[in-house]
């Protein structure tokens, strides 16, 4: 028993070191296979002995669903920052600082010349971590009102870059940071999500405010830390010294820390960050400029709301205010009934916005949204606009938004499942069936050319097509009398339907519309199980062993294939001649095998999809962003910030011509 406990302690130390190397230093020190082997050994030993260290990596993802959030009082206040939206406002602030320093010097204070540190302003959710004298992560909390936040320790523990125990620590301290969702994590989550996330910020905020810890873990959040709000013992002399302390403790920081000594320096940094912001793998909404010298900060002090020694330069907002005219309830493919806001038209980021997203009734209540009131609308990175909140002074004479009592499409009974309402009529509810057929026919699914939602609606209304299998029973005489369907169009559609019978297995699995199974997940599970029967009979343990398949997806797959209606539909499709084929991907032995490759710019001989497919056939991992883990960057014409970052990190850069020569040397 003693030997096993010693081995547990050893494994925890080793695995935490691996995580630090991978997530903080961006420099993996072990293969995924070796990490998984030692992680599995640790899980087994913990189960056998019942001994689990409070900073064990196995505690990062639990089966816990919490009952609610407890309040936490911060030891040091988390202040908001005053905001500037023009360089003139920054100049005014700078001039006030100069005047103050000169006045203090006249009174005998030995203050240094003003030096500012510019950092990115992350657009996520602020978190405050408390580490005790032993270095243990004691509490993690949201900002709240700056003095009292909500305890989200279990949620924050899922962020793999955050150490659960520091190697060395003598003094209790609180450290402030921002929990964020990267673009990569966002795309990966949405590829298999039944309800896709709208933007990165909501992805992060929603994860930390989710009581289901496994769902939080699925979001795969990251974090950056930038401030020590409270510390016992030694106090810092400068902000740069503080940042060195944060880094030395093993907490992730952003390497962008620019020293500015003049307005011209600040202007250059603003221009630089504005130029690269949309090439970053995460969202930022501005630049923070803060005085470096701590004594100067102490003397400057605070207003009621803000520290006087820092200011945030905010990029042009993509928000506007308008009136909520109505709420429309729409039925999706899964039967989920979702609210859409009907707005008084408003110009936002160069587009006239008339509709916006409202996620569910919980979201409506939390934001205090009411019909007739004015609402804040945000449009981020060309996604569907979303309502962010309500102007309280416009609530008079507004109307409460009521949830649906019946399906708005078919009038059937609705049920509340979690935060969402669902129509139970899966047999004849038009939007459900139409969208199911449209999804089945879509390009990434069965790729039935010329098939549209309008076509699906006509098939439902005029020909009583209510199942995907009914598509293969259509005849020319059925189609020819439909609106805008002549002989030629009817023949083309029938040929496309016939052609779809010979399909790839992963396309067929994706076409079936399994909840939370996107194209990538369909490919991954097909590569594991290789046939429909293999997937039908897959166990929970077998499913979660597939890369990127978690408990929720695994359970969704199992429940899907339990439904008699699903099995009958699949059997009918196969009897009608649908022939899903599994093509084993043959990885060519290549210099690119197991290498991480990023492409940037325009290539002459490959589209984006073609180069990705080519690299994957060579065994490469294709990434959308450059990091220290990147092995090669293939640079085409008009290569942008990815090329610049690769040069800064010393990543091997090759041209398209060099790429093909490397392949030629291998053949």
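In case you wondered, yes, glycine gets a Cβ from its N, Cα and C as well.
Around residue 36 (NAD(+) binding site), taking its Cβ as the centre, 12 other Cβ atoms fall within 10 Å, counting all chains. Residue 36 (NAD(+) binding site) carries a helical DSSP state (H, G or I). The NAD(+) binding site feature in Swiss-Prot is assigned to 32, 33, 34, 35, 36, 80, 81, 143, 178, 314; the stated evidence is sequence analysis.
Long-range neighbours of residue 121 (active site, N6-AMP-lysine intermediate) (same chain, six or more residues apart, CB within less than 8 Å of its CB): 284, 285, 286, 287, 288, 312, 313, 314. Sequence annotations record features per position, and here Swiss-Prot assigns active site, N6-AMP-lysine intermediate to 121.
Taken from Swiss-Prot, the feature Zn(2+) binding site covers 407, 410, 423, 429, and the record attributes it to sequence analysis. Sequence-distant neighbours of residue 410 (Zn(2+) binding site): residues of the same chain at least 6 apart with a C-beta under 8 Å from its C-beta are 423, 425, 428, 429, 430. The DSSP secondary structure for residue 410 (Zn(2+) binding site) is coil.
The domain 'BRCT' annotation in Swiss-Prot covers 587-667.
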Check: Where does residue 429 (Zn(2+) binding site) sit in DSSP terms: helix, strand, or coil?
Finding: coil
Notebook entry, point to check: Which three-state DSSP class does residue 423 (Zn(2+) binding site) fall into?
Noted result: strand
Next item on the list: Fill in the CA-CA distance, residue 178 (NAD(+) binding site) to residue 407 (Zn(2+) binding site), as an integer in Å.
Entry: 40
Margin query: Please give me the CB contact count at 10 A for residue 178 (NAD(+) binding site), counting all chains in the structure.
Written below: 22
Notebook entry, point to check: Near residue 81 (NAD(+) binding site), how many other Cβ atoms are within 10 Å of its Cβ?
Noted result: 18
Next item on the list: Could you tally the C-beta atoms, other than its own, that fall within 10 angstroms of the C-beta of residue 423 (Zn(2+) binding site)?
Entry: 25
